[in-house]
């Protein structure tokens, strides 16, 4: 092995990104550029006499073609693996959900649907092949609770023992990872394997959580694992994150059967910067995943999701007022769940950190004990939505949903299910098992929306000749309660996640009903307006802030401060010349900073470069192997050498080749040279630059640190964590937040104060009017 190859391997080993750190995107781009130039240089050596270079030239062309197609090959493999994984999870989840109620005598591996395949409809109690565990209600209830408890215990125990990162949804952490945050193991094989096993157990246990959020995490794990098999992606963090972004789109695509919605979700929710190239790869990955899932056909219906429906009936303009009610509910629901779930999360962190398994089992027992006696809580949430979304005509009269005699009893049951599930979602989301909030929110919105639809239909039946219903055609169904459930589900999902366009597209792809695009948009705009009025952020952003992860929001705020109010002034710096190896080793041992500014030796604090901690460690460890002692002088000053200098903008140490004999040459001169690893042109700003512009630099350029200099003199340094710390502690004025306004209690107090003040003014005005008339 040549000396330069040995140096590159060691540098890659030392350069492993540290856990809970942020990526320097500029440095990563330099690394990728130098690798590309190195490959071009290596290929150019193949050209010469045709006889001598024919075979190597052909091989190089094949290698170039493979390298160009490698991204699409990886994206295809990732999409296929995501589709297979989603199909297996769906099949296992259905079987585990039904095994709580009974078993199939024709085959233990068949769930209730396939066991009674010849029976039409969803109420299949009359199927002879399906045997309930008992005919006694109390015994069936006890077995139901027991199975659910066992499922939750196994899932929580596996997560706690083998993969702690498998807990929760994972969307918040993936957003930070795509923004440059490092969490070693979060996308590893153990997390993928344990989450794929425990997710069906959690869904089947009846816990009020969904699989869609965890499905995105599992999909990103698959993307990271598959891409990690290729050097092109394993050595470049930026290219790896392109694959992870595409995988997140595929995860949403297979969860909802919505490839375009998945791409929009990755744009609107997951990624800060989204290039056209990444968009096309995300779309192709989502397409491959949904195609694979359709080939598996887990529900044997030809549909990608269990609650996929088709609406062919038009809506009426008088229904807009009821659509607005659904939108208001979605905004209030999102504010309520986010507010109180954060309080539960704080209580869980303080008191239940060591009792994760007991907490999960307890919540499941409470959920199943309560939910068993409500038909809409006892069913799996996707099955419940499949029933609630249906039209009354064509087999939609399940559980007497369409019977006018039972409409108020059904409405009461739906309202009770809405209230109970809201409370269960608040306490369940965030417990230490795979848990998402997409489907639970949609299920809550569906029960509330169906209740509103039943009430509107009852009003039409009671007053069919009134002016509001005059546009309805006689003998033709005027109100479709299933569409209200559909719109309520969209409102609740948008309210808790604070996404709009993605939900519209997902709902369109679920139903295929172009006529309901406008009602969906109206509902979601009202939901967004209510959420903006209340000042709430999406639950993923709130969990990022709650966990203290380094993530800058997409929205821009005016903080009216300059960067000198945020920057760090007490810095650990290096001198360009005169320092010894011992001094550098002492500096590394007493500090944990990720890089060091380099100043001139004349005492003027003039900035002349920046070197990362990993590069400094690499050179020191490499030189120690060559016998350098602690008293050797170190030099960071750039030296121009025809044999080593490959251009004014190249850094040999940043992904380029370290020439053979470089260390030996340095040591023979009794001086250890660091200049190939020094960034001669670090990103710098002036102290009076507005903080908003510095935040834009972090978002768009992605440096790990920005140096602050005043006329060439180093003044300080600022990182993303410094900005977030300032925002959290100083609370600059950019409008009061939802918590600062007192949450729901504060809102009610504001409304009450406004109402009483208005009433008082109206009474005073009435008294004055009466007095004048007298």
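Just so you know, glycine gets a Cβ as well, placed from its N, Cα and C.
TrEMBL: automatically predicted annotations, no manual curation.
Computed from a predicted structure; not experimentally measured.
Sequence annotations record features per position, and here TrEMBL assigns domain 'CBS' to 678-737.
Per TrEMBL, the feature transmembrane segment maps to 72-92 (among others).
According to TrEMBL, the feature transmembrane segment maps to 141-162 (among others).
Among the features that TrEMBL reports, transmembrane segment is placed at 174-194 (among others). Here the transmembrane segment (174-194) has long-range neighbours at 17-23, 25, 158-159, 162-163, 165-166, 216-218, 220-225, 237, 241, 244-245, 248, 269-272, 540, 544, 549-552, 702, meaning same-chain residues at least 6 beyond its ends whose C-beta is under 8 angstroms from one of its own.
Marked as transmembrane segment by TrEMBL: 214-231 (among others). Sequence-distant contacts of the transmembrane segment (214-231) (same chain, six or more residues past either end, CB-CB distance under 8 Å): 70, 74, 77-78, 81-82, 85-86, 89, 168-171, 173-174, 177, 187-189, 191-192, 195-196, 199, 239-240, 243-244, 246-248, 250-252, 254-255, 285, 289, 434-436.
Summarising the annotation, TrEMBL assigns transmembrane segment to 243-267 (among others). Remote same-chain partners of the transmembrane segment (243-267), defined as residues 6 or more beyond its termini with a Cβ less than 8 Å from a stretch Cβ, comprise 71, 74-75, 78-79, 82-83, 86, 174, 177-178, 187, 211-212, 215-220, 222-224, 226-227, 233, 274, 278-279, 281-290, 293, 303-305, 308, 438, 499, 501-502, 505-506, 509-510.
Sequence-distant contacts of the transmembrane segment (279-296) (same chain, at least 6 residues past either end, Cβ-Cβ under 8 Å): 71-72, 75-76, 78-80, 82-84, 86-87, 219, 223, 242-243, 245-254, 257, 259-260, 262-263, 266-267, 302, 304. The transmembrane segment annotation in TrEMBL covers 279-296 (among others).
The annotation transmembrane segment is assigned in TrEMBL to 317-336 (among others). Same-chain residues lying 6 or more positions outside the transmembrane segment (317-336) and placing a CB less than 8 Å from one of its CB atoms are 422, 426, 441, 444-445, 448-449, 452, 456, 468-469, 471, 479, 484, 487-488, 490-498, 519, 522-531, 533-534, 536, 539, 738, 743-744.
According to TrEMBL, the transmembrane segment annotation covers 356-377 (among others). Long-range contacts of the transmembrane segment (356-377) within its own chain (CB-CB distance under 8 A, at least 6 residues past either end) are made by residues 141, 144-145, 148-149, 151-153, 155-157, 159-160, 167, 205-208, 348, 384, 388, 399, 413-414, 416-417, 420-421, 424, 427-428, 431-433, 447.
Sequence annotations record features per position, and here TrEMBL assigns transmembrane segment to 410-429 (among others). Non-local neighbours of the transmembrane segment (410-429) in the same chain are 169, 207-209, 333, 336-337, 340-341, 344, 363, 366-367, 370-371, 374-377, 399-401, 403, 435-437, 440-441, 443-444, 447-448, 450-451, 454-455, 539; each lies 6+ residues outside the stretch with a CB under 8 Å from one of its CB atoms.
Taken from TrEMBL, the feature transmembrane segment covers 435-456 (among others). Long-range contacts of the transmembrane segment (435-456) within its own chain (CB-CB distance under 8 A, at least 6 residues past either end) are made by residues 167-169, 202, 207-215, 255, 319, 322, 325-326, 329-330, 333, 337, 376, 381-382, 384-385, 388-389, 401, 407, 410-411, 414-415, 417-418, 421-422, 425, 428-429, 479-493, 495-497, 539.
Under 8 Å from some Cβ of the transmembrane segment (514-535) lie the Cβ atoms of residues 311, 314-315, 319-320, 323-324, 326-328, 330-332, 334-335, 483, 486-487, 490-491, 494-495, 498, 500, 503-504, 507-508, 735-738, 741, 747, all in the same chain and six or more residues away from its ends. The transmembrane segment annotation in TrEMBL covers 514-535 (among others).
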Inset, instruction - Could you tell me how many residues in the domain 'CBS' (678-737) are helical, how many are strand and how many are coil under DSSP? - result: 21 helix, 15 strand, 24 coil
